[in-house]
Amino acid sequence: MHAERRSGPVELLGLDRPRLAAFFDTLGEKRFRARQIMQWLHQRHVYDFDEMTDLSKALRQRLREHARVGLPEVAADQQASDGTRKWVVRLADGNCVEAVYIPEPKRGTLCISSQAGCPMGCTFCATGEGGFSRNLTAAEIVGQVHVARQHLPEGAITNIVFMGMGEPLLNFDPVISASRVFTDDYGFVLSKRRVTISTSGVVHAIERMQRVTDVSLAVSLHAPNNELRNQLVPLNRKNPLERLLPACHAYIAEKPHRRITWEYVMLDGVNDQDEHARELLQRLRGIPSKVNLIPFNPYPGARYGRTPDRQVRRFADRLLEHGLTATIRETRGDDIDGACGQLVGEIRDARASKVARPA
């Protein structure tokens, strides 16, 4: 069994159903108890074992002795003028990560963090500027969703995206466990299409994803060639486009009507010209794709400028003219530093950002 803690009580919040069933095996209990606990935690929002009334008193006592359910603390709760909401979530060791809720007319998307800080060092992102502390546990990932649900109307969260702080695929097992909790019929009951893992391009882990999950995949592309992408996304030096694009194509090859979302932050005069659009079209030819163009969100000390809206529209039109689906992401939550690339949290014992070895 993969447990959240190596010693002491087992943290149940982040255990997917097979791991929760394995935990009950160690207690000599029937495996169906996993379904009961998941429903209490994720559907009824009950975290006190004494209130889980369909469990025997003896089992509740054993759970108190061998397990725990801990929610992270809300250090700050901010709401933007456009309705976007950001929670700064304090973890037990003092690290703070951020989760952002983005309401839209037909859906509500929660953007969650997978690491305290980020080791990737992307040159256009504030998160990487703060350094990297550690991976989050599955419980700390799932806990962000529980915190958000406590502050939102029932059913407000329809989509979950791993697009907050950190590189999800460098924290592979906890991220996959959390995603399984989100899609389980006894968990959050979200469609796998409504859970998205966003990566900067850890090829080995994308190939591993293909064997263990079929949630949606988004890739932070940001450049149509290796020379430019090496500058913007240092991971590209070991995971070049010649490896990344085939791995992504293979991930959706046996998934009908699925496509890869390519995230592309628009940097003034850097990656936003007509020749970049033409090159991008060539790169993505034959891969079912959607390109999400993201206006750059400046932050203190940023080395890049924001592409003018007119040029963003022109870039999108160039892609659309040649049959490639392209959307322009509306900037949300920038007045509370909750927009893409602005999440910084509060990182304890941070190490300088550097590209970690693929998981």
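Yeah, the Cβs are placed from backbone N, Cα and C, and that goes for glycine too.
Taken residue by residue with DSSP, E98 (active site, proton acceptor) is part of a strand. A simple way to gauge crowding: the CB of E98 (active site, proton acceptor) has 26 other CB atoms within 10 angstroms, across all the protein chains here. Feature annotation from Swiss-Prot assigns active site, proton acceptor to E98.
Positions annotated as domain 'Radical SAM core' by Swiss-Prot: 104-329.
Counting only same-chain residues at least 6 apart in sequence, those with a Cβ under 8 Å from the Cβ of C111 (disulfide bond) are A99, V100, Y101, I102, V161, M163, G164. C111 (disulfide bond) falls within a strand segment according to DSSP. The disulfide bond annotation in Swiss-Prot covers C111-C340.
Per Swiss-Prot, [4Fe-4S] cluster binding site is recorded for C118, C122, C125.
Positions annotated as S-adenosyl-L-methionine binding site by Swiss-Prot: G166, E167, S198, S220, L221, H222, N297.
For C340, the entry in Swiss-Prot reads active site, S-methylcysteine intermediate, with the evidence type sequence analysis.
Neighbours of C122 ([4Fe-4S] cluster binding site), defined as other CB atoms within 10 A of its CB across all chains, total 24.
For the binding-site residues G166, S198, S220, N297, a Cα-Cα cutoff of 10 angstroms around C125 ([4Fe-4S] cluster binding site) retains N297. In this view, H222 (S-adenosyl-L-methionine binding site) is surrounded by 26 other Cβ atoms within 10 Å of its Cβ, with every protein chain counted. Note on proximity: of the recorded positions E98, C118, C122, the one nearest E167 (S-adenosyl-L-methionine binding site) is C118, by Cα distance. This prediction places the mean pLDDT of the domain 'Radical SAM core' (104-329) at 96. If you take the CA of C118 ([4Fe-4S] cluster binding site) and look 10 A around it, the recorded positions you hit from E98, G166, H222, N297 are G166.
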